[in-house]
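S.K.: As annotated in Swiss-Prot:
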MOD_RES   Ser27  phosphoserine
COMPBIAS  66-75  compositional bias 'Low complexity'
TRANSMEM  119-140  transmembrane segment
TOPO_DOM  141-151  topological domain 'Extracellular'
TRANSMEM  152-174  transmembrane segment
TRANSMEM  191-216  transmembrane segment
TOPO_DOM  217-224  topological domain 'Extracellular'
TRANSMEM  225-240  transmembrane segment
REGION    236-244  region 'Interaction with KCNE3'
TRANSMEM  259-281  transmembrane segment
TOPO_DOM  282-297  topological domain 'Extracellular'
CARBOHYD  Asn287  N-linked glycosylation site
TRANSMEM  321-346  transmembrane segment
REGION    368-380  region 'Interaction with CALM'
MOD_RES   Ser405  phosphoserine
MOD_RES   Ser407  phosphoserine
REGION    514-528  region 'Interaction with CALM'
REGION    587-615  region 'Interaction with AKAP9'
COMPBIAS  622-634  compositional bias 'Gly residues'
Amino acid sequence: MAAATSPPRAERKRWGGGRLPGARRGSAGLAKKCPFSLELAEGGPTGGALYAPIGPPGVPGPSSPAAPAASPAAADLGPRPRVSLDPRVSIYSARRPLLARTHIQGRVYNFLERPTGWKCFVYHFAVFLIVLVCLIFSVLSTIEQYVALATGTLFWMEIVLVVFFGTEYAVRLWSAGCRSKYVGIWGRLRFARKPISIIDLIVVVASMVVLCVGSKGQVFATSAIRGIRFLQILRMLHVDRQGGTWRLLGSVVFIHRQELITTLYIGFLGLIFSSYFVYLAEKDAVNESGQVEFGSYADALWWGVVTVTTIGYGDKVPQTWVGKTIASCFSVFAISFFALPAGILGSGFALKVQQKQRQKHFNRQIPAAASLIQTAWRCYAAENPDSSTWKIYVRKPSRSQALLSPSPKPKKSVMVKKKKFKLDKDNGLSPGEKMLAVPQITCDLASEEQRPDHFSVDGCDNSVKKSPTLLEVSTAQFTRTNSFAEDLDLEGETLLTPITHVSQLREHHRATIKVIRRMQYFVAKKKFQQARKPYDVRDVIEQYSQGHLNLMVRIKELQRRLDQSIGRPALFISSSEKVKDRGSNTIGARLNRVEDKVTQLDQRLELITDMLQQLLSLHRGGTPGSRAPGGGGAQVAQPCSGGSINPELFLPSNALPTYEQLTVPGRGPEEGS
């Protein structure tokens, strides 16, 4: 079966079963350098165009007339595999390409110099344990009762470590070539001049010298090379090759340099003065043994350092009460300043950790913000009729489609790569059986109207032949290898024509793209809001307090605007304040003025009515106080001063009344109608 589907290895190698050289330089280079050419085989059952390889001279190909007679059984196995037009992919081999040398260098360099992941952690932690065990045995070799045990074991451990560190140094030097600044001999020398590389080289050379000079397996036999033992302790620096510890310490010291300098300066002044005054008080004092403990200023400085650093050896003690008083006073003052740098550094480290956490939280917001900006811009650009807005949704025609389609009409194919891979994976088919199990169908847009049912026999490719071991396909019955839902999904993907130009986009395409972009915008907005959520309780409290402060400011501003527009409520202001507030332009003051005017108009209307009634009664000659002839029981008001009209009633008054005059007194029952 396998022999029938693929040519032999020797024949494959001879007739170009591997890469297709020269394909990147056009079809001319492909025709010159490739042992076989690609011929367009037309007249298939579906009218589609397929490329089939033409074999070497004397070997019948798929288009040769002798092909059906050469192997009848092979003709029933199904269609031949399509020839890939990608020059980087082999026709008969699907093996992964070999990793490039620079790629391997980069992976090794990242593994050694930029450790990330659990594998790197395990490796570097194992190296740390080995170095720590070697250091412990080095310490035990200096103890007399463990010399015999530790020295022999240490000798072999030193040999293993020298070989290991030497090999690792060479590998590091080789893998550094993946970076542009370390390429070549001068680049390697630049890498070797790094401080940590120099330390590694010194450790390897020192260990080699110790092993070479040592005799009879004794690592530290001679006293001449015992000084090199310190260089072997430098292996502990190998643990932190990236120098993150020193960078962190340096950044903390640099940030708090002013506070550290201040405390150290004042503490140093306290040390000098306290030592000097104690020396003056104790320079002639003699202890119980008859010796002068503070015979020089250097002895006093030593006592001061031991005292202010809270060590207290007790080798020098003040003898006089004057010296003890001076020592106690200055000790309290100086010890407090010498203890401050530890607290400053501790708080600096805590702030640094918090700053890194904030930076991590902020870095998580950057991709979300970028995605939100991008989606917002795309939503805005969707309203622009420019063609560049829609080019990202247009599929570029591949080189294989350009070669397979001689006519300008586009073709549709069932071979959807992702769906095919999923179906093959679900069915558990081997690579040699995939081409037999999945039918290859090509659809022509010109005959799309006359196309029968998609699930009928005529709608499938007749090139699917039966296989005695996989499935039986006859012309009268169609055998399904997939579920109905998968066939529907496959049908939905096959009926979609790829858009190759912006002009092919229709209004429903553009509307769908706008809807998708708007949905992407809402999703990106939600993710950005989730990324901006605070991660600490203190941040939550700070955010709430800041929000409460902003809310109070807004409420006060709103209250001020309401007071300016409406005015203060009448229940909370006195009469004098109302008088003062009447001249303002608030709504309340305007309403008060309107009410005053309405009251004044009401009074004038009543006055005019009384005057008209008096004039009417005088004109008719009636007695004062008599009823009007019209009846109605209304009594006419009597004229003032014996029939004369008060002229003050006709005087116009434009002056506004006071607030106390605004209230009209209620009429009694006798003043009614």
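Quick reminder: no glycine exception, Cβ is built from N, Cα and C everywhere.
In terms of burial and nearby residues, how do these features look in this structure?
M.R.: Each residue in the topological domain 'Extracellular' (141-151) has a pLDDT score, and their mean in this model is 81.
The residues of the region 'Interaction with KCNE3' (236-244), classed with DSSP into helix (H, G, I), strand (E, B) and coil, number 4 helix, 0 strand, 5 coil.
Secondary structure by DSSP for the topological domain 'Extracellular' (282-297): 2 helix, 0 strand, 14 coil.
Taking Cβ-Cβ distances under 8 Å and a sequence gap of 6 or more within the same chain, the neighbours of Asn287 (N-linked glycosylation site) are Glu293, Val317, Gln319.
Residue counts of the region 'Interaction with CALM' (368-380) by helix, strand and coil are 13 helix, 0 strand, 0 coil (DSSP-based).
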S.K.: With DSSP as the yardstick, break the topological domain 'Extracellular' (141-151) down into helix, strand and coil residue counts.
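M.R.: The breakdown for the topological domain 'Extracellular' (141-151) reads 8 helix, 0 strand, 3 coil.
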S.K.: What else in the chain is close to the transmembrane segment (119-140), if you only count residues 6 or more beyond its ends and a Cβ gap under 8 Å?
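M.R.: Same-chain contacts beyond the ends: 111, 146, 149-150, 153-154, 157-158, 161, 164, 229, 232-233, 235-236, 238-239.
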S.K.: Residues of the same chain, at least six outside the region 'Interaction with CALM' (514-528), with any C-beta under 8 angstroms of its C-beta?
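M.R.: 365, 368-369, 371-372, 374-376, 378-379, 382.
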